[in-house]
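Asker: Straight from TrEMBL, here's the annotation block:
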type: DOMAIN; residues: 1-430; note: domain 'Major facilitator superfamily (MFS) profile'
type: TRANSMEM; residues: 35-55; note: transmembrane segment
type: TRANSMEM; residues: 67-87; note: transmembrane segment
type: TRANSMEM; residues: 93-116; note: transmembrane segment
type: TRANSMEM; residues: 128-146; note: transmembrane segment
type: TRANSMEM; residues: 158-179; note: transmembrane segment
type: TRANSMEM; residues: 244-268; note: transmembrane segment
type: TRANSMEM; residues: 280-302; note: transmembrane segment
type: TRANSMEM; residues: 309-331; note: transmembrane segment
type: TRANSMEM; residues: 337-355; note: transmembrane segment
type: TRANSMEM; residues: 376-400; note: transmembrane segment
type: TRANSMEM; residues: 406-426; note: transmembrane segment
Amino acid sequence: MLHIHHFLLQHIHRFLNETWTSRYHKELSPDLLTFLWSVIASVFSLGGLCGAFIGGSMAIRLGRKGALLMNNIVAILASILMGISFPTGLFELLIAGRFLIGINSGIGICVQPLYIGEVAPKHLRGGMAMGTSIFLTGGILTGQIIGLREFLGGETYWPLLLSSSCFPAFAQLLFLPWFPESPRYLLIDRGDELSCAKALKRFHGSSEYGKEMEDIQQEHSALDGEEPKKPWQLFSDRGVRWQLISVIVMTMGQQLSGINAIYFYATYIFEQAGISAEKIPYVTLGTGACECLTALTCGLLIDYVGRRYLIIGGYLLMTLWSIVLTFSLTYQDLYSWVPYVSMASIFAFILSFGLGPGGITNTLTAELFVQSSRPAAYMIGGTISWISFFTIGMLFPFIVNGLKHYCFLVFLLECSLVAAFVFLVIPETKNKSFLEIKKEFHKLNFGRNTKKKETDLSERRQLYDEFKNKNLCNFTAVTKLQ
């Protein structure tokens, strides 16, 4: 989700006006200003979509670690372009930088959970995969803090705020080379058993790596040299049909759950509660802190409670808070205490989102597929996510204008339907190997009578072998008598 700071919005509007006036010696019309701002805001989503398209291919060709390292170059280039846009007076560089940082985000959200999901041991896989959400929400909160007027949100320093994305990129370029490549990638994709063993020893220690090595070798044998699949091949592969449907439903559910509506209404609700316009950016820090806190909580609970309980619980709680918000926004002006109910519901909705759909969706994408299908699944999931993000960004103002606060009834329906889907379709993946999870989906993908058919076939083969052996014995006996 994209959080653009209130102060930053004012500075960019002023920058666009001043640049246009100095360049063309006339005022920038309000319509054109809105259009340029829309391009700057939405080009990030377009970049994210492009990043999702190429992220899986990069992970296959360069390796998981190689793709992440290369992605930092994109982030640094984006930071430079955005940073020099103000001194050079070229808002086109700001648009180009936003597009590149979108590509960086698209690749990162695809490859980073792929790498962590593959290196993590079974019993810690959920908590480690939640690292993506923890640092994503932590980054949003950090951006909200340093974007305040007292820090880099002032008129003098806002270009530095836009360039600040280079710091995590430099940190990763400095530290990631010291970490091994994904052991699964090394053995299953590259066929390099020696490098795989070395990587596992570094991750798990010399005495503990044997069990993980055995698990990877079993998956390697089961795949029998199968090449990494392209995204379009997954759509025609019956063996991953329901896994793919699950990823599409969960990814769309996460983006269309109403979390964007919450942030849209937050400012209005805070104003209604009597908070002054100058203080609202400080109050919205609470929403960022909520997301960060729940991502951490989810990371601690996921390997104990399980994925199903958290994601179903999260969607059901969001359904409940959608009902409360619909009522509280309807009777907002009737009683003085109602705005505070709305404000509490805003925070409760964000907490529910972070506890379930916010983090677990990406974790499950890693777990539902075996090695040959996983990068393609992330490419499909990432593409769906960015398209949904862009669509909701375009349609949301019309939905709000048409339905007003009743828009939460749409999100209520969506959240309850996704919860029902997860309950009926997705098995618990906690403490299971990727092959065990694949077997769980076997019945759904090939029908419930598959096991019975397989049993019947094996019984027929056994009877045939017995019959053949019996006839062979009779033939031998007759030959001896002759």
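A Cβ is built for glycine as well, from the same backbone N, Cα and C atoms used for every other residue.
Nobody curates TrEMBL annotations by hand; they come from automatic prediction.
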Asker: Short question: which residues 6 or more past the ends of the transmembrane segment (244-268) have a Cβ under 8 Å from it?
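Answerer: Those are 1, 3, 234-235, 280, 284, 287, 311, 315, 318, 322, 325, 329, 346, 349-350, 353, 357-358, 361, 364-365, 368, 377, 380-381, 384-385, 388-389, 392-393, 396, 400, 405, 407-408, 410-412, 414-415, 418, 421-422, 425-426, in sequence order.
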Asker: Counting Cβ pairs closer than 8 Å, which of 35-55, 67-87, 93-116, 406-426 has the most of them with the transmembrane segment (376-400)?
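Answerer: So the stretch in question is 35-55.
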Asker: Mean pLDDT for the domain 'Major facilitator superfamily (MFS) profile' (1-430), as a whole number?
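Answerer: Averaged over the domain 'Major facilitator superfamily (MFS) profile' (1-430), the predicted model reaches a pLDDT of 90.
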